[in-house]
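One structure is given here, and the rest of the page talks about it.
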Amino acid sequence: MKNLSHTARLAGLGYLIIFFTGFFANFHILEGAWAKGDSTATIANILSSPTAFRLGVAAFTIMVAIDILLSLPLYLLSREVSKPWAKATALLRLINGGIFAIAMAQLFRISALIPGGAPALHNEAMACLQQFDRTWDIGLLFFGAHLLALGGLFSRSARIPQWIGWALQFAGAGYLLDSGAQLFHPEYETYQFLFESVVIFAGVAGELSLTLYLLAKGAKLRSGSTETSPFTYADPAS
């Protein structure tokens, strides 16, 4: 028998770190620095707070590292439903992490150009940010598929409330809708607020609910406890 309470706590903590670092990075880079369609303002924003920009890049780096590592505990928590599907689900998350890591190269490029001032950033800052955003959207298609699959597994699991599985599927559909629209809908900006609202609401409903549940259950059901734990099971043979 294996007790996965510690794994549940690690997964919940990992998700919590992702929430905080993602919010911080988005605030300092995508919202704080990038003025879409205005390269002069974007360069001015970056140069006025280069430390904030670099801290945002560091936060994104931590986020993607934790996101990749989180594939393992989520696999361990979902494999009792179906090992093959749990492996495929983990692979989708790893692919998203790999694509995001590739996107990060654009932000590192901007950081390297900051010492050269506006002349160095003039020709590349906007192109790098646009490429970062587009590459990230491609990765989020895989992330949306990951959440759909993970939600399907958790909705059939004895350890996770069924409604959390459904909420994760809702979140996955939201990511697929928003990222797909950004990549392929020519009038995305007209409906941007609607798409982003769906992602924010769905993400909170699904991923934050899972985070709080894992932290709460993992904290209550310590390894070695005599209480019957939903995170205790025999290693499945298949």
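A Cβ is built for glycine as well, from the same backbone N, Cα and C atoms used for every other residue.
Keep in mind that this is a model prediction, so the values were computed, not measured.
According to TrEMBL, the protein has these features:
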- 12-35: transmembrane segment (TRANSMEM)
- 55-78: transmembrane segment (TRANSMEM)
- 90-114: transmembrane segment (TRANSMEM)
- 134-154: transmembrane segment (TRANSMEM)
- 166-185: transmembrane segment (TRANSMEM)
- 191-215: transmembrane segment (TRANSMEM)
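For the transmembrane segment (191-215), the partner stretch with the highest count of Cβ pairs under 8 angstroms, out of 12-35, 55-78, 134-154, 166-185, is 166-185. Residues 29, 46-47, 50, 53-54, 56-57, 60-61, 64, 67-68, 70-72, 74-75, 120-121, 124-125, 128-129, 131-132, 135-136, 138-140, 142-143, 145-146, 149 of the same chain lie 6+ residues outside the transmembrane segment (90-114) yet bring a C-beta within less than 8 angstroms of a C-beta in it. Beyond its flanks by at least six residues, the transmembrane segment (166-185) meets 133-134, 137-138, 140-141, 143-152, 154-155, 191, 195-196, 198-199, 201-203, 205-207, 209-210 of its own chain at Cβ-Cβ distances under 8 Å.
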